[in-house]
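This structure is in structure tokens; I'll ask about it shortly.
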Amino acid sequence: MTSSSPTGGGPGRPSALAPEIADRLKRSADGLLPAIAQQYDTGEVLMLGWMDDEALHRTLTTGRCTYWSRSRGEYWVKGDTSGHFQWVKSVALDCDADTVLVKVDQVGAACHTGTRTCFDTDVLLADQ
């Protein structure tokens, strides 16, 4: 599902995110936070997406990952198009409150290329 919020959507727009969470966030200049999706039971890093306050609110309240597409300028819910859902198990902020870690139960591929993870094809350094 892709959508804009009723107020036009996007970074810097009003959101229903709880003020006690929103006030702690350190966003980029464009109002976004990097959101790392990690498989909850194996620790496998799946992908990195971007969230604004509204995307984080939707993720926390629906139990499904919602991201902000910087290229399309709209929200997207992982799995609505591909069927490769991310069911949220936990959400945490890092120590600086500038990155979100979303532990998920990934159904199918996390990467738009069809692979399980976005980090498996261009390895720059690996143990010998």
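From the backbone N, Cα and C atoms, a Cβ is placed for every residue, glycine too.
Per Swiss-Prot, the features are:
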{"type": "BINDING", "residues": "Asp94, Asp96, Asp98", "note": "Mg(2+) binding site"}
{"type": "BINDING", "residues": "Cys95, Cys111, Cys118", "note": "Zn(2+) binding site"}
Going along the chain, which residues six or more apart from Asp96 (Mg(2+) binding site) have their CB under 8 A from its CB?
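Asp96 (Mg(2+) binding site) has long-range Cβ partners Lys26.
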Measuring Cα to Cα, how far is Asp94 (Mg(2+) binding site) from Cys118 (Zn(2+) binding site) in Å?
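Answer for this pair: 21 Å between alpha carbons.
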Would you kindly give the Cα-Cα distance separating Asp98 (Mg(2+) binding site) and Cys111 (Zn(2+) binding site), rounded to the nearest Å?
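Here the two Cα atoms are 23 Å apart.
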What is the set of residues, excluding Asp94, Asp96, Asp98, whose C-beta falls within 8 angstroms of the centroid of the C-beta atoms at the Mg(2+) site?
Lys26, Leu93, Cys95, Ala97, Thr99
What does the structure give for the C-alpha distance between Cys118 (Zn(2+) binding site) and Asp98 (Mg(2+) binding site)? Integer Å is fine.
21
Just checking, which of Cys95, Cys111, Cys118 (binding-site residues) has the fewest C-beta atoms within 10 Å of its C-beta?
Cys95
